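**Q** Here you go, one structure.
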């Protein structure tokens, strides 16, 4: 198989993207997060398969050394569409949510974790492949909603149009990455068992969609969305395409004196914990 899977058979596993490490965080914090996520996986009894493309080789279960090499050498940011191109050209590539879900499903991983998903950008025709991949691949994705920089109304409507199931984990509101509230209601679940009951129903009715499990940022790290919106209005966009999200996230870190970075790290850690719990109980079911 073209994918080098380092997953130990029979153990629960969670797939994780590489874009969050390579393009979403400063190098020091990225490595610290990788180590913490690995520590959580050992404590909770699951495998964390960080997925990336190294010199054209798709790897599920990257090591810290490989991740550092990717950050040092540079890596394209790829969605599902670009996978065959970077593989054929022997490039390094960091996977987004869409590419991670696609590759995870090819090797039997059903649970994927991220911080925030892509969506519809404001003011231009720019729709993330995350949405289209979630509309056609059955998986469980644990996230803290969509990234706060997006057009919330348009993205929420697109999620409905694409028939992507949403459930709030101990919340009634759709979270917005750094922010716990959006004013948009979602069905609420209180425990992992309820998540799995919904997912098993999806299997029974053959619904080939990704179940979005929405886990809000811890309250003490929240940056209110109205504050994020005010800051975004002040930013002059200097890039386009796949560079927009990393550019804006970096600017927000600077403008909030690191508060959004702390929020990002906190929500990622909590999402890894929840995804691991789901994977462990899914394996037992």
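Including glycine, each Cβ sits where the backbone N, Cα and C put it.
The annotation active site, proton donor is assigned in Swiss-Prot to 17 on the grounds of sequence analysis. Swiss-Prot lists 77, 97, 128, 129, 130 with the feature substrate binding site. According to Swiss-Prot, the Mn(2+) binding site annotation covers 126, on the basis of sequence analysis. Taken from Swiss-Prot, the feature active site, nucleophile applies to 147.
Neighbours and distances for these, please.
**A** Taking the Cβ of residue 17 (active site, proton donor) as centre and 10 Å as the limit, one finds 28 other Cβ atoms among all the protein chains shown.
Counting only residues at least six positions away in the same chain, the Cβ atoms of 79, 96, 97, 98, 117, 118, 119, 120 sit under 8 Å from the Cβ of residue 128 (substrate binding site).
Sequence-distant neighbours of residue 126 (Mn(2+) binding site) (same chain, 6+ apart, CB under 8 A from its CB) are 120, 241, 244. Look at residue 126 (Mn(2+) binding site): DSSP puts it in coil.
A coil conformation is recorded for residue 147 (active site, nucleophile) in the three-state DSSP classification, outside any helix or strand. Contacts of residue 147 (active site, nucleophile) defined by a Cβ separation under 8 A and a same-chain sequence distance of 6+ are given as 115, 116, 117, 118, 119, 176, 177, 245, 249, in order along the sequence.
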**Q** May I ask for the distance between residue 17 (active site, proton donor) and residue 130 (substrate binding site), taken between their Cα atoms and rounded to an integer number of Å?
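**A** It is 12 Å, counting Cα to Cα.
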**Q** Taking only same-chain residues 6+ apart in sequence, whose CB is under 8 Å from that of residue 77 (substrate binding site), what do you get?
**A** 19, 22, 23, 93, 94, 96, 242, 243, 246
**Q** Near residue 97 (substrate binding site), how many other Cβ atoms are within 10 Å of its Cβ?
**A** 28
**Q** For a quick check of packing: other C-beta atoms within 10 Å of the C-beta of residue 129 (substrate binding site), how many?
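**A** Here the count is 20.
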